[in-house]
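Before any comments, here is the structure.
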Amino acid sequence: MIWKEMKRSYLVISICAALLGLLLLLLPGPTLATAGICTGVCFIVYGVTKLFEVTRFRNHFANYWLQCVLAVLPIVFGVIFLFKPLAATSILPLILGVFLAVYGIMGLKTSVKLKKFGLDSWWFNLITAVLTILLGALAIFNPFATAAAMVMMMGAILFTLGVFHVVQYFVASHRFKKVGRQISELEKEWDSFDWFWF
């Protein structure tokens with residue numbers, strides 16, 4: 001069942017996001033270079049994980065090569081942030097904000113599908129998606145004047161989302177154990193873009 005595979009990587013990515021956010025919050029005198037390097041690592045981990053999944057479960061995707069491109073893009077951004085952290089971090093809030101906003105919108109779509117199939121956890125999925133969009137908007141507009149404040153803002157965003165997604169993982173796991181046919185039917189209508197919410 002592909003849900004088990006999705007949930008496993010979903011948990012790993014969520015924990016990584018929470019740890020990265022906590023690191024940015026706790027580092028003494030956080031700098032833009034530090035934020036750029038940490039964000040680069042996060043993007044690479046996410047992209048590599050998704051690329052592995054897309055390749056392994058290519059039969060579940062109607063547009064396999066498009067999904068490969070969507071998985072490779074975070075890796076490319078991650079490499080740029082690693083080798084040119086100071087130059088890249090000038091647009092870091094914008095990149096992070098757009099990424100989170102798109103990710104949240106895909107989450108809204110997934111929430112509707114989960115509700116359609118009667119999964120009780122759809123509402124928590126919806127809350128997490130809305131929160132993701134709002135935090136993405138906050139990153140895009142970046143109301144913080146200093147570099148330190150901006151880094152802490154990004155840390156708080158990543159930590160909050162990481163914790164919410166970890167909680168969502170356990171909520172979903174508990175609910176999925178109580179359903180059988182619904183999950184099988186849901187997989188038949190699984191859209192390849194839903195995959196990137198997990």
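Quick reminder: no glycine exception, Cβ is built from N, Cα and C everywhere.
Automated prediction, rather than curation, is the source of TrEMBL annotations.
What you are looking at is a predicted structure, and each value in this text was computed from that prediction instead of being measured.
These features come from TrEMBL:
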TRANSMEM  9-27  transmembrane segment
TRANSMEM  33-52  transmembrane segment
TRANSMEM  64-83  transmembrane segment
TRANSMEM  89-110  transmembrane segment
TRANSMEM  122-141  transmembrane segment
TRANSMEM  147-171  transmembrane segment
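Looking at which of 33-52, 64-83, 89-110, 122-141, 147-171 has the most CB pairs under 8 Å to the transmembrane segment (9-27), the answer is the stretch 147-171. By the Cβ criterion (distance under 8 Å, sequence gap of 6 or more), the transmembrane segment (147-171) is not counted as touching the transmembrane segment (64-83), fewer than 3 such pairs being found.
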